[in-house]
Amino acid sequence: MAAPWAAAPPEEPLAREAALLAVDAALLAGVLMRTQEEPGASQVVSYAPFTLLPSAVPSALFEQAYAVQQDFNLLVDAISQNKEFLERTLASTIKVDDFTARLFRIYTQVLEEGLAQSVFLGINRSDYMFDCGADGTPALKQIEINTIAASFGGLTSRTPAVHRQVLKMLGRTEEASRLLPNNPAQGLALGIAKAWELYGSQSAVVMFLVEEVQRNIFDQRCVENELWNRNIRVIRKRFRDVFEKGSLDDARRLYIDGQEVAVVYYREGYVPQNYDPQNWEARLLLERSRAVKCPDIATQLAGTKKVQQELTRPGTLEKLLPDQAASVARIRATFAGLYSLDLGEEGDKMAAKAIADPDCFVLKPQREGGGNNLYGEELRHVLEKIKDSPERTSYILMDKIKPRPSKNYLLRPHTPLKVSECISELGIFGVYVRQGKELVLNESAGHLLRTKAIEHADGGVAAGVAVLDTPYLV
């Protein structure tokens, strides 16, 4: 079932009029990004790209994605506490992937020294697509789970108001009333505030660790403002600031510029380009501290593609979540086919299969941030080159998900208006807080729908491919 406008979106003159209204509504609502020309300044801003119309999402799959989020929170938390599982799962990857290896070295160093941190905060986002099987029935299939710097929880809370206005202008008042409210920024801030409270120092601050240049600053400000509204002080620092001005006292409390830091919320640090030797030093300092890291390095490692692939092996979920059969069943129902490329018979077989039929698979490296996956002929070319090399173990293979496209207009600054065939990806935000061994908070915290034209195989909003959207449940 599609949205009423999916088969026949408005004709161009009406679409043009609706787009003018939509862009102004987006600017009024704060669906904002800094410009590519001036990515470090907010004097000139533009709207974040978004769809003209909300996209259809099957309500049963939407509810399924929400229902399983607390299970995924439990799973991520369990993995982060399981040293033996992480060591065994990542053993082949860290031999060939220097970035994962460096993270892992810090992880083991901090464990050997003994954790100073006693409160743990997880903010993750589980991303799905709707796979149309042979009989055409859509099924919810997980693409990945993001355990570090999961973005757009702020801006996505502003898009339903924009889409409501567009639908009303098009005479779709009843449909406009059916769009769900959504405020992930509030949910994310709730988790950060709880971790700050449990840290136990009223004068300590929350530190957003941010990139040198941040186009997506307003998304972060939405979460930041929620914290200021709770009278929690927020500072924004870069790795460079931590290296130059960060220190630990005898109790391993973290100080920056003389201010004690209760929570470090990473919006950076998820790709190799984020690190130079000084930044690695800064990361180690942060990990050694008592401050609540979101994520701590174990939780970042729990989000790697290799871990995702290992979870699909029979019996793995049962070991990680013993006596939780219902959670295991809900999680397993979302898995797409995932396959190891480790050296040996199993990996050889899968590499040969993917080379023979590349359109059935996606080749995924251990990277976050979108735009890294390989498809079709590019997949075949890379796998043929590395099929006999240990380098192949830095990738996993995944069955290619085949969603049903629908028509929409994608609104981007300085881009002509045209109808595109589009596919969507649904993300559910999850938040949990653990103190020692006790889970004190475990919630889903809102959703994110991103949509892109079918000619773009990979990439999110920040990568300039997908645009923000609002689900219209059907």
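Every residue, even glycine, has its Cβ placed from backbone N, Cα and C.
Around the Cβ of Ser151 (substrate binding site), 20 further Cβ atoms fall within 10 Å across all displayed protein chains. The feature substrate binding site is assigned by TrEMBL to Arg125, 148-151, 214-216, Gln220, 267-270, Arg450, 461-462.
Annotation for Asn146 (Mg(2+) binding site): same-chain Cβ neighbours under 8 Å, separated by at least 6 residues, are Asn124, Arg125, Ser126, Asp127, Gly303, Glu368, Gly427. The annotation Mg(2+) binding site is assigned in TrEMBL to Glu144, Asn146, Glu368.
Among the features that TrEMBL reports, ATP binding site is placed at Glu144, Lys305, 364-373, Tyr375, 398-401, Glu425, Lys452, Asp458.
According to TrEMBL, the feature domain 'Glutathione synthase substrate-binding' maps to 204-302. Summarising model confidence by region, the domain 'Glutathione synthase substrate-binding' (204-302) averages a pLDDT of 97.
Straight-line distance linking the Cα atoms of Glu268 (substrate binding site) and Lys452 (ATP binding site), rounded to a whole number, equals 24 Å.
Comparing the Cα of Lys400 (ATP binding site) with the Cα of every entry in Glu144, Ala149, Arg215, these being the binding-site residues, the smallest distance points to Glu144.
Spatially, by CA atoms, the binding-site residues Glu144, Pro365, Tyr375, Lys452 include one closest to Arg215 (substrate binding site), and that is Lys452. On the backbone, the CA of Gln220 (substrate binding site) and the CA of Glu144 (Mg(2+) binding site) stand 22 Å apart. The most densely surrounded of the binding-site residues Arg125, Arg215, Lys400 is Arg125 (count of other Cβ atoms within 10 A of its Cβ). A simple way to gauge crowding: the CB of Pro365 (ATP binding site) has 16 other CB atoms within 10 angstroms, across all the protein chains here. Other Cβ atoms within 10 Å of the Cβ of Glu268 (substrate binding site) number 18 in total over all chains. The Cα atom of Ser151 (substrate binding site) lies nearest to that of Glu144, taking the binding-site residues Glu144, Pro365, Tyr375 as the candidates.
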